[in-house]
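Participant: Here it is, the structure in full.
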Amino acid sequence: MAMESVVPFMGMVILQVAQIGEMVTGKEAMLDGMTNFTFVFYFNALSFLILITSLFFFRKWTHLPALTFALVWRCVVFGLLGFAIQITGYKGIQYASPTLASSMLNLIPGFTFILTIIFRLEKAEIRSSSARAKIIGTLVSVLGAFIVTLYNGPRILKSTSSLNATQKLTQSQDWVIGGLLLAMTSVFASLFVIAQALILKKHTSKLVVSLFYSSTIAILSAILSLIIDKDLSAWSLQSNVRIMAVVYTGLFGATFQVTISSWCMQRTGPLFVVMFQPLGIVISSIVGVMFLGDAFYLGSLVGSVVIIVGVYTVIWGISEERKISEAKSISSPLLQDNSKFEDTTLLGP
């Protein structure tokens with residue numbers, strides 16, 4: 001029993017480390033001259049090759065759905081959302097830092113709750129304590145996002161890396177732009193969670209959906225890179241930093257993280273998975289100071305704490321709703337799928 005409890009815990013810690021590693025290596029590649037379009041293209045192309053190889057070797061155990069227009073259209077829309085997440089996410093990290101990205105990702109549960117109400121996938125019973133908790137938690141999370149984006153305050157931790165000291169943030173304007181881009185990433189990711197629930201409800205083959213997803217993003221990023229990026233050197237993989245970033249993200253990015261989070265969720269539930277998201281703030285702060293030359297400010301600390309309080313308030317509301325639902329023996333597959341925030345661990349699911 002003890003081992004059964006430890007393994008999911010270790011799995012979620014590994015997932016958070018993998019996520020922060022993805023952010024850090026991505027920023028290093030872009031600091032090395034790689035654009036976010038070329039970076040997104042390369043690691044999605046690598047993910048596609050890994051997935052298509054897996055499909056070939058495990059085709060006997062993989063259920064392949066009929067290739068219909070409806071399936072292709074849904075997967076393309078899915079890929080468009082993933083493309084928006086990855087482009088805005090990595091551009092936000094380029095302007096700001098992995099620490100800010102980790103903080104802003106905690107907005108996804110609250111944003112998802114708001115969008116499910118807007119799209120009438122969920123009803124907000126204002127009189128119930130669970131609904132009030134989710135509303136208040138969402139507002140608190142947004143307040144924390146404003147704090148961490150607009151207020152720096154005094155410096156708490158200075159960089160310990162003299163090699164990367166020149167990479168420190170020199171303009172507060174860049175930090176604000178990065179925060180806005182990462183807030184957009186959280187909105188797109190919330191839409192992604194809802195779309196994922198709707199698509200996987202009709203098409204259960206995650207491997208096929210992931211194949212369309214990776215290929216759509218790779219094609220879009222390649223086309224836009226050829227149009228927007230004038231410098232062809234951005235496509236070069238001669239730098240070891242760029243190769244490491246592409247290989248790391250292709251191997252330990254979306255596919256790896258979704259696999260771990262899904263495995264943990266099946267054994268512990270979605271609330272256990274989402275509770276580990278704030279751990280990313282701590283890990284990214286340490287890594288950012290040690291390896292990227294980032295400083296850690298009071299505003300980041302205060303804003304992150306406020307966001308975490310908001311996130312756990314939303315989680316409490318979801319937990320209470322689930323208890324009430326189980327007590328009444330009511331099943332709602334769509335809302336259960338919408339509460340699965342395991343894929344919000346991604347900058348690009």
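Cβ coordinates are placed from backbone N, Cα and C, and glycine is handled just like the others.
So TrEMBL says this about it:
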TRANSMEM  39-58  transmembrane segment
TRANSMEM  70-88  transmembrane segment
TRANSMEM  100-121  transmembrane segment
TRANSMEM  133-151  transmembrane segment
TRANSMEM  175-200  transmembrane segment
TRANSMEM  207-228  transmembrane segment
TRANSMEM  240-259  transmembrane segment
TRANSMEM  271-291  transmembrane segment
TRANSMEM  297-318  transmembrane segment
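Provide an account of the burial state, proximal residues and distances for the features listed.
Facilitator: Non-local neighbours of the transmembrane segment (39-58) in the same chain are 26, 29-30, 83, 86-87, 90, 207-208, 210-211, 214-215, 217-218, 221-222, 225, 237, 242, 245-247, 249-251, 253-255, 348; each lies 6+ residues outside the stretch with a CB under 8 Å from one of its CB atoms.
For the transmembrane segment (70-88), the residues of the chain that approach it from at least six positions outside its boundaries are 36-37, 40, 44, 181-182, 184-185, 188-189, 191-192, 195-196, 198-199, 202-203, 208-209, 212-217, 220-221, 254, 346-349, judged by C-beta separation under 8 angstroms.
Beyond its flanks by at least six residues, the transmembrane segment (240-259) meets 15, 18-19, 21-22, 25-26, 28-29, 32, 34, 39, 42-47, 50-51, 82, 206, 210, 214, 342-343, 345-346, 348-349 of its own chain at Cβ-Cβ distances under 8 Å.
Within its own chain, the transmembrane segment (297-318) is flanked in space by residues 99-100, 103, 106-107, 109-110, 113, 129-134, 136-156, 271, 274-275, 277-278, 281, 285, 339, which lie at least six positions past its ends and keep a Cβ under 8 Å from the stretch.
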Participant: With Cβ-Cβ distances below 8 Å as the criterion, list the same-chain residues six or more beyond the ends of the transmembrane segment (100-121) that contact it, or say none.
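Facilitator: Contacts of the transmembrane segment (100-121) (Cβ under 8 Å, skipping residues fewer than 6 from its ends): 19-20, 23, 89, 92-93, 134-135, 137-139, 141-142, 144-145, 148-149, 175, 178-179, 182-183, 185-187, 189-191, 193-194, 274, 277-278, 280-281, 283-284, 300, 303-304, 307-308, 310-311, 314-315, 318, 334-335, 338, 341, 344-345, 347.
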